[in-house]
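Visitor: My questions will all concern the structure given below.
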Amino acid sequence: MLKQFVTALPGTLTPVLLYMVLNVTLTVGEGKAKPLSSSWRFIGMLAGIAGAVVFAGLRSFAVISQQTAALRPALYVSVIADIAVTAAIAGSGWLINNWRSQCARQHSRQGDPDPSAAGRGTVKRRFTWLDLANLVGAAAIADAFFTCLPDVIIQLANFVETGQSAFTSAMLARASGFFLGVGAAVAVAAIFSTMRTSVPHRVFAATGVLFMAAVLIQQGTALVQILVNTADIELSDALFSVLVFLINHELYLVIAQAAVFIIPAAVSVAAGIRISPQARIQVQGSGHSQAQGRIARKFRRHACAAAAWSLAAVLFVGTALTYGVARTNQEIVLSAPEKYELKNGVASVSYGQLSDGHLHRFQYTAKDGTVMRFIIIKKSGGAYGVGLDACENCGPAGYYEKDGKIVCKKCDVAINLATIGFKGGCNPIPVAYESAHGKITIKTADLDALSSHFKTL
């Protein structure tokens, strides 16, 4: 349960916070005369979620064996869109004022002396700078959901162990952790958005810029990592060290994306405290002053409550991710690789070495220098399961044996022995082999062709 929670929370938090920030900074409440692009951000979110579901499904069914082909262009778009979105958030005050001014001028040209008519839908909507900002924002939102959500969605395929009943306590625990993680991310974004009415727009915009800086570092790191892995770029030792540092501390970038909202929380508290003396004076005055006093006191309560809940949300995210990840990442030591015969381009393992029915791990160095692992286990009926010590979903994390089950080290899913050697889900990536003359033989050329699954920084 905890593992599913700490995977779903950070994977969902970044895109939902981006959606919330753009909604707060670019939304104009003008009745029926909303911008032409008023729904584009929502459409972008739906498109991103749909794309993530399709991508996750293709990965789960091994239709796509390598993520790089899809993620690399998506991350290029993401970095470019995020830079443009950062500029849009920084200038969101001007964009909104510009849109309102255009509405007023257009309405004036139509001869209506009532400026409020611009909010009654009588003005023909035209494409504006705000619409362009919303278009870029929709692209950034769609891309964020597409790049961040697949790893979260893939967990759905791991709720039920292969060959087990769909309704078990373990399945319910995994499902609860998943939905609690997604729900917590949405709740945190909703809590932060409550400060929109208690802090000046420029404060929320400044916070949004800091948030986007953290997102840019996160997405840029992911892009550079792919480019390095595919040998498209080479980094100096110093830059490579920086890249490794950012990869190892990716979790703290997610925490930083939430922590920046401490700024509007502090401003919200200050606004509430500053208005309270005026409220105490006005409540003793005339009826009009009393009404103003009640409004002021209501504002103070809302400002302080929004700030308190936001600070609690930041603390929750930081604690849940640091403590939760530390608990779930307690290192499981894989068994040491065993010896085997390697001769004339063929790896051979005798039946006798595999007769105990337990997991046996072997190590091989491919022609390109990649150190890779493969596993063999004797199944019922004298059949053998042969595959890489890696899967399409979780990469080269490896498998270990626990209570008679083969378990993925990364996602903690137990693998049905009968399915080892077949594609799909979290099963080991199959390796071609022959079983004859008292031994299992694997051509090293077949292993060399699969070395990319073990190429990591």
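Each residue, glycine too, has its Cβ placed from N, Cα and C.
According to TrEMBL, the protein carries these features:
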DOMAIN    354-454  domain 'Membrane iron-sulfur containing protein FtrD-like'
TRANSMEM  6-28  transmembrane segment
TRANSMEM  40-62  transmembrane segment
TRANSMEM  74-96  transmembrane segment
TRANSMEM  132-154  transmembrane segment
TRANSMEM  166-192  transmembrane segment
TRANSMEM  204-231  transmembrane segment
TRANSMEM  251-273  transmembrane segment
TRANSMEM  303-326  transmembrane segment
Visitor: Okay, the transmembrane segment (251-273) and the transmembrane segment (132-154): do they have at least three CB pairs under 8 Å, pairs separated by 6 or more?
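Guide: Contact criterion not met.
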Visitor: When DSSP states are grouped into helix, strand and coil, how many residues of the domain 'Membrane iron-sulfur containing protein FtrD-like' (354-454) land in each?
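Guide: With helix first, then strand, then coil, the domain 'Membrane iron-sulfur containing protein FtrD-like' (354-454) has 16 helix, 40 strand, 45 coil.
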Visitor: Compare 74-96, 251-273, 303-326 by their Cβ pairs under 8 Å to the transmembrane segment (204-231) and return the stretch that comes out on top.
Guide: 74-96
Visitor: Summarise the model's confidence over the domain 'Membrane iron-sulfur containing protein FtrD-like' (354-454) as a mean pLDDT value.
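Guide: Taking every residue of the domain 'Membrane iron-sulfur containing protein FtrD-like' (354-454) together, the mean pLDDT is 86.
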Visitor: Residues of the same chain, at least six outside the transmembrane segment (251-273), with any C-beta under 8 angstroms of its C-beta?
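Guide: Distant contacts of the transmembrane segment (251-273): 10, 13-14, 17, 188, 192, 195, 198-200, 203-204, 206-207, 210-211, 214-215, 217-218, 221, 299-304, 306-307, 310-311, 313-314, 317-318, 321-322, 325.
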Visitor: Can you name the far-off residues of the same chain, 6+ from the ends of the transmembrane segment (74-96), with a Cβ under 8 Å from a Cβ of it?
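Guide: Residues 18, 21-22, 25-26, 28, 129-130, 133, 136-137, 139-140, 143-144, 146-147, 201-202, 205, 208-209, 212-213, 215-216, 219-220, 222-223, 226 contact the transmembrane segment (74-96) from elsewhere in the chain.
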